[in-house]
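Annotated features in Swiss-Prot:
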type: MOD_RES; residues: LYS4; note: N6,N6,N6-trimethyllysine
type: BINDING; residues: ASN113, THR163, LYS167, ARG285, HIS317, SER369; note: substrate binding site
type: ACT_SITE; residues: LYS165; note: active site, proton acceptor
type: MOD_RES; residues: LYS191; note: N6-carboxylysine
type: BINDING; residues: LYS191, ASP193, GLU194; note: Mg(2+) binding site
type: ACT_SITE; residues: HIS284; note: active site, proton acceptor
type: SITE; residues: LYS324; note: site 'Transition state stabilizer'
Amino acid sequence: VGFKAGVKDYKLTYYTPDYETKDTDILAAFRVTPQPGVPPEEAGAAVAAESSTGTWTTVWTDGLTSLDRYKGRCYHIEPVAGEEDQYIAYVAYPLDLFEEGSVTNMFTSIVGNVFGFKALRALRLEDLRIPTAYVKTFQGPPHGIQVERDKLNKYGRPLLGCTIKPKLGLSAKNYGRAVYECLRGGLDFTKDDENVNSQPFMRWRDRFLFCAEALYKAQAETGEIKGHYLNATAGTCEEMMKRAVFARELGVPIVMHDYLTGGFTANTTLAHYCRDNGLLLHIHRAMHAVIDRQKNHGIHFRVLAKALRMSGGDHIHAGTVVGKLEGERDITLGFVDLLRDDFIQKDRSRGIYFTQDWVSMPGVLPVASGGIHVWHMPALTEIFGDDSVLQFGGGTLGHPWGNAPGAVANRVALEACVKARNEGRDLAREGNEIIREACKWSPELAAACEVWKEIKFEFKAVDTLD
């Protein structure tokens, strides 16, 4: 008898506890904090509805499609232990709701509208299960871990980097000089800071030229392949691509992008160009803490990390566990595995809500960066293992004798840790001793150890598992 107008509870349509999830569904785990008086089933169903086919009232055009085929479903709700009135709502989305190969569209659907929803006090997307059918529509990282090692001819150890400081204010020539000294001293990479784009004191083209000169000179002197992450991030996609093309013409191995401020569409565009043209792509996560730091609202970084692997990047900053920036060990290692490994089992103790199969999509190297120095080297080597990039900005440039000795100190410390580990020593217990022994052979390392012997950044992590 026609359609029934009016408002009805979301849970009547979108809460389906008997639903068996399909292998092709995108699964989401939301941390839901309902407004007082809103039952969790209604809150979970509201999230499923508003992030898929639903709207606030019944509409007659519902009759022109098959809601059962296209609607999101809240299929399970569980209370969060130790939190009052907070729940994990599991939502399944049919694959047809999403455009192939578009992280942009995936996020617009899943987190686009629902976070401002009145029935919720707060909402956080904790994890996503990306089905293999959807993974296969993405190129993913331009090259991945193995191809990067082959390009650089560097095996069996973490890679070493350094962010050039002061991040703003240097002229292009002085900037290039700092790059040369770091690379000559033994680092594999130097890095543009995330906010170095093309400012009045240093235009991008000048920086690219001087940095290329620096890395070729350092390569000739050391016999090692060197790189500098040239930041191609720009105000328009066209300008970004112009910078990437110039980097390729210079013959440098790697460019860089700020993927959250630049946006997923720009990032995926750049990643495709990088694969087609043999450039590695370093990703900085500037702005991530705005989205991921609050425990009960936003998007957890593990979701942003998965999204980056799909969109494309060969390196991404992933916290340090030991430095000045946020990151708890188990949670950090959880998303480090999601970045690097091909198959990751569900493991709630590390914050992993779903088993994820990447079906041979290349992996991403996690970058540890922020407030770290030579005394942290044993812990970093143990925590992150070989497939990582360890980046020391102040920990290189703050060396009392200058940049090149700072780079020497870091390289000696790293080689000492890798050697000790390969000999079967326990880096966690004997770390300080290993560094002290290496100081005997390296005055540069001894000087670095003097400067930073007491520094620790110790505050409790804001975002913990409980």
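Positions of Cβ are set from backbone N, Cα and C atoms, glycine also.
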Cβ atoms near GLU194 (Mg(2+) binding site) (within 10 Å, other residues, all chains): 22
Cα distance (Å, whole number) from ASP193 (Mg(2+) binding site) to LYS165 (active site, proton acceptor): 8
Env. residues of Mg(2+) site, Cβ within 8 Å of mean position of LYS191, ASP193, GLU194 Cβ: THR163, ILE164, LYS167, ASP192, ASN195, VAL196, TYR229, ASN231, MET256, HIS284
Under 8 Å by Cβ from the residue listed as 'N6,N6,N6-trimethyllysine', same chain, sequence gap 6 or more: THR58
Largest separation between Cα atoms (Å) of residues that the record links to substrate, namely ASN113, THR163, LYS167, ARG285, HIS317, SER369: 37
THR163 (substrate binding site), number of other Cβ atoms within 10 Å: 24
Fewest Cβ neighbours within 10 Å, where candidates are the binding-site residues ASN113, SER369: ASN113
Which binding-site residues sit within 10 Å of HIS284 (active site, proton acceptor) - Cα, from ASN113, THR163, LYS167, ASP193, GLU194, HIS317: ASP193, GLU194, HIS317
By Cα-Cα distance, the member of recorded positions LYS191, ASP193, GLU194 nearest ASN113 (substrate binding site): GLU194
Site with most surrounding Cβ atoms, counting all protein chains shown within 10 Å, from the recorded positions LYS167, LYS191, ARG285: LYS191
Which listed residue (LYS165, HIS284, HIS317) has most other Cβ within 10 Å, given these are recorded positions: HIS284
